[in-house]
Amino acid sequence: MAPMGIRLSPLGIAVFCLLGVGVIYHLYAGVLSSRFASFRQKPNVDLRDLLALSVEAAVQGGREVKRIREDNTLEEKSKGKTKEGASEKLTLGDLNSHRKMFYLMKNTYPYIQVNSEEHANAEGEATLWTRIIPEEILAKISGGKEVPADKITVWIDPLDATQEYTENLRKYVTTMVCVAVDGNPVIGVIHKPFNGYTAWGFVGEGSSVAPRASYNTNSPKVIVSRSHSGKVKSFVQAAFGNNTEIIPAGGAGYKVLALLDSTDKEQEMADMYIHVTYIKKWDICAGDAILRALGGQMTTLKGEQIDYSGSEGNTGGLLASIKTDHKGLVKRLPPWEENKQ
C-alpha cells in the first residue's frame, strides 16, 4: 500500500514493493551474518582448566607407556634417522600414549591446536575429561584466566626418551604437555610414568615444584643428551673448564627436572642443561614453561627466547638455567653456529 495521500501507478507499486523486499533482505542478511560470525568465533578457554586437563593427559598417556613396557609388547621399529644419524625409535608405547593424550585434549577442546610427536592414523579414543580439577591445582591457581582458543597451541610428547625406553632405562622416560599462548610457554607438565612423579608449572601463577637453594656456575654439573655427549663435551668444557662434570642423560623432560628440587630419589641433579643440536619443540616446551614459572630460563645458545608457534623444530640449541645470571652464562659459551651442528 502506498503512503497516505500518494497514488501510485501499477509500475510504482511494483517498485515500492521491490524496495521493501530489498530493505527486509538487507536487514535479515545483516542479522544472519552476525550470527554466523559468532558461530565461527572460537570460544575462550580457562587456563586453569587446561592445566588440569594437561596433567590428566600426561598421566593417562603414562599409564599406556608403563603398561606396554611392563608387558614387554613394545613392537619396536625405526621411523627414520635423526639429524645426528641415530635411529629414531617408535614403539607401541609411543602410539598408544599419543592416542590417549591427543584425543583427550581434542575431545575436550576440539577448537584448539594440538601438536604431537606421533601421528597415528588409528581411530581416535572416545575419552572425555571428567572436569575434575586436582586439589593441589585448586589450592594454588584461581580460575577465570581465560584466553581465546585461537591463541593457544598445545605441544604433547607422548613418550620422551624412546631410545632409553627400548633399553629399559625407565628413570629417563616422561610424558609431557605444554600450553603456549601466542607462542609463549605458559603451562608445562612433566610426568614420570614408572614412579608416578608429576611436575607442573603455570607462568605467573604457581607450580608444584621449586628451585633448589643454590646452583654452582663456577664448577657446574652440566646435564646433556647421552646420544651426543661426545659432541657437547668440548663445547661445555670450553665454556666452564676441563674439570666441568658432564652428566649424560636421556630425555629432555628428565634433564629439566635435574635443575629442580625433587623428591624423586632416581633423579640426578645438575646446575644447568645444554643441548647443541636440533631438537623438537614438544621435547622442550613443557620444561621451558616450568622453568619460567619458577623464574628460570630456557633459551637458544645465543640467548634468544624460543617461539612455540609455527615450525616444530628448534635449530638454535639450548641453555637452561635457574637462579643464575643466565645472560652471563650465554656470554661464557664459545661461538656457535647452527649450520655447523
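Glycine too: its Cβ is placed from the backbone N, Cα and C atoms.
Taken from TrEMBL as is:
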type	residues	note
BINDING	GLU117, ASP157, LEU159, ASP160, ASP283	Mg(2+) binding site
* Including all protein chains displayed, how many Cβ atoms other than that of GLU117 (Mg(2+) binding site) lie within 10 Å of its Cβ? -> 21
* **Non-site residues, in chain order, whose CB comes within 8 A of the mean position of the CB atoms of GLU117, ASP157, LEU159, ASP160, ASP283 at Mg(2+)** => ILE156, PRO158, ALA161, THR162, THR174, THR175, MET176, GLY251, ALA252, GLY253, LYS280, TRP282
* Identify which of the binding-site residues ASP157, ASP160, ASP283 has its Cβ surrounded by the largest number of other Cβ atoms within 10 Å, counting every protein chain shown. => ASP157
* Under a criterion of Cβ-Cβ distance under 8 Å and sequence separation of at least 6, what residues of the same chain contact LEU159 (Mg(2+) binding site)? -> GLY61, VAL65, THR91, GLY93, ASP94, SER97, GLU117, TYR165, VAL173, THR175
